[in-house]
Amino acid sequence: MTRPDNEPARLRSVAENLAAEAAAFVRGRRAEVFGISRAGDGDGAVRAKSSPTDPVTVVDTDTERLLRDRLAQLRPGDPILGEEGGGPADVTATPSDRVTWVLDPIDGTVNFVYGIPAYAVSIGAQVGGITVAGAVADVAARTVYSAATGLGAHLTDERGRHVLRCTGVDELSMALLGTGFGYSVRCREKQAELLAHVVPLVRDVRRIGSAALDLCMVAAGRLDAYYEHGVQVWDCAAGALIAAEAGARVLLSTPRAGGAGLVVVAAAPGIADELLAALQRFNGLEPIPD
């Protein structure tokens with residue numbers, strides 16, 4: 001039986017509050033580090049991570065530290081897996097009565113560095129490797145997307161709380177599709193080859209630059225579908241649940257060794273089979289190693 005403090009609704013509330021607090025922190029720190037617009041590298045505030053084109057900033061690490069400190073106060077003893085600070089290597093091995101918090105302090109760091117208003121704080125609560133609650137704060141828009149298993153998906157903004165539903169599109173040719181690209185040259189080449197096959201099949205394609213926001217846009221009906229290779233669990237832990245609870249069909253590949261990351265697909269139900277068949281036809285459901 002689920003402990004009362006592990007009920008999805010309660011975990012969602014924790015995630016929503018933390019995401020909103022962290023988003024406010026990110027907005028303030030960005031102004032301190034970069035000024036009103038991008039100013040160089042913020043005097044050394046940006047460094048490379050997995051490749052020269054994969055940045056991490058002092059604000060990423062500061063924000064994750066804030067979230068870890070808050071969770072230590074609110075949920076002492078809960079394991080934490082964060083993009084910058086690491087955590088359990090296998091979240092599925094966590095005891096069934098324990099919640100693991102999966103954190104991405106800034107999803108869309110390149111956008112953040114350049115001052116493009118599409119980056120997010122993502123917080124997922126997982127039990128046995130399955131997300132049961134989560135929240136994604138769109139930092140620049142000052143909105144929070146959230147969901148809990150069986151309780152639907154919602155958007156909270158200055159006007160209140162709104163139920164999210166994905167679109168009713170039923171033809172792939174009329175779908176607005178989101179996607180993203182990895183950081184390694186090899187991965188990008190393979191992704192570009194696949195995209196060349198997919199573009200003629202859809203209405204148009206958007207590259208937002210944040211997997212968490214892409215998934216939330218599917219939930220909100222601002223995209224009809226989204227797919228991407230090389231996604232990490234912290235990128236999609238919250239967003240995938242939000243899309244699913246809004247009615248989207250969501251596919252997450254099984255993690256594999258070798259650093260390939262996950263294949264993530266989310267689509268309005270009326271086009272999901274058609275999109276999955278198209279991706280399968282061009283070998284687009286297989287992970288792409290870095």
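Each Cβ is built from the backbone N, Cα and C atoms, and glycine gets one as well.
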Residue among GLU64, GLU83 sharing the Mg(2+) 1 site, where Swiss-Prot lists ASP104, ILE106 as binders: GLU83
Swiss-Prot Mg(2+) 2 site partner of ASP104, ASP107, selected from ASP224, ASP235, ASP273: ASP235
Binding-site residues compared (GLU83, ASP104, ASP107, ASP235) - highest count of Cβ atoms within 10 Å: ASP104
Local Cβ density at ARG206 (substrate binding site) - other Cβ atoms counted within 10 Å: 15
Which listed residue (ILE106, GLY108, THR109) has most other Cβ within 10 Å, given these are binding-site residues: ILE106
Among GLU83, ILE106, ASP107, GLY108, THR109, ARG206, ASP235, the record's substrate binders - longest CA distance, Å: 25
